[in-house]
Amino acid sequence: MLRLTIFALLRVALPATLLSCCTAAGAVSPRVQQSAVQPAGVQAETIFGLWNVTLALCTAVFAAIVLALLVALWRAHRARQAAAGSSTLAPDLAPLHHPERRVHRAILWATVVATVGLFMLLVADMWTARALARLPMKEALRIELTGHQYWWEVRYTDEGFSTANELHLPVGRPVVVTLKSRDVIHTLWVPNLAGKRDMIPGRTATISLRADRPGVYRAQCAEFCGLQHALMALPVTAVAPAQYEHWARARKAAAPEPATDSRRHGRDVFVRAACVACHTIAGTMASGTLGPDLTHLASRPTLAAGMLPNDRANLQAWIVDPHRFKLGANMPPNPLPARDMHALLDYLESLE
């Protein structure tokens, strides 16, 4: 019986220990781009410090509980053996003699340890909150981010341009992101850079970011918002300030004029079709707000909020039947004649 119980405890303890080791290993893995244990900004580092304190305390409590259980099982086993030798009762029915004072003392110590542990976590949490509140935000870049089902609208309010499903940040510069929602509750989470913040319809919230090293970090909607909640990613690209300025200047420009007959025909198709009712392309009559801004669509690495690589085949498949990829998306199917589709793709691929 004792062996079976110890084996059952080990089945719980070993996976938990391995999980802790894997978590620690993830902190040094260079391939992880969406991980709270691989901080790339001061906010995430502060939160990671709180996580380390919590992990250490919980690991100590877990180890103490397992040790106490093993000791209790060992003592109970010895008591049964002693009772079996001096009692006519079956070993499993032999009375166990535990002094009441010892039980009360154990309960008292457990209560004291639990209270002290919870108080330590409270102090660590308050210290983390104060540290986050004191982070300098001087000369911060201001961005407005609006959540939709199932994509992200991005407005660089200081720079005066809009984009969609991508964030570019200058390394080392604070960023204040104003958060809104157009439909349901969303939650922005960039685990490498900061914590979570809810986006509630009719309300405005803010979150502060600062990327301290270059890289591409995956943000995600962290609040269930519908069928395609899991397919609502937001790549956050942190680059050197000079690279960011170059990127921002390019985004301020209007869409390039079509240079070929096919592209000109594609622009006409875009304007005549349902596209113009939902999408914006700066420099044209397209000024819809229901869908993503497409002014510089060709320069984005992905389509459909990080779901598909941005190439011609995926773009065509998305236009023809978006519900094949995102069931419940607000964009309707758009089957077009082959000539019109070819021209439209030529035009959209020129929007860099």
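Backbone N, Cα and C atoms are what each Cβ position is placed from, and that goes for glycine too.
As given in TrEMBL:
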SIGNAL    1-27  signal peptide
TRANSMEM  48-74  transmembrane segment
TRANSMEM  106-127  transmembrane segment
DOMAIN    138-250  domain 'Cytochrome oxidase subunit II copper A binding'
DOMAIN    261-352  domain 'Cytochrome c'
Note = The correct DSSP tally for the domain 'Cytochrome oxidase subunit II copper A binding' (138-250) reads 13 helix, 57 strand, 43 coil
Ask   = With DSSP, how much of the domain 'Cytochrome c' (261-352) is helix, how much strand and how much coil, in residues?
value = 43 helix, 6 strand, 43 coil
Key: Other parts of the chain folded back onto the transmembrane segment (106-127), taken as Cβ under 8 Å at six or more residues beyond its ends   = 50, 53-54, 57, 61, 64
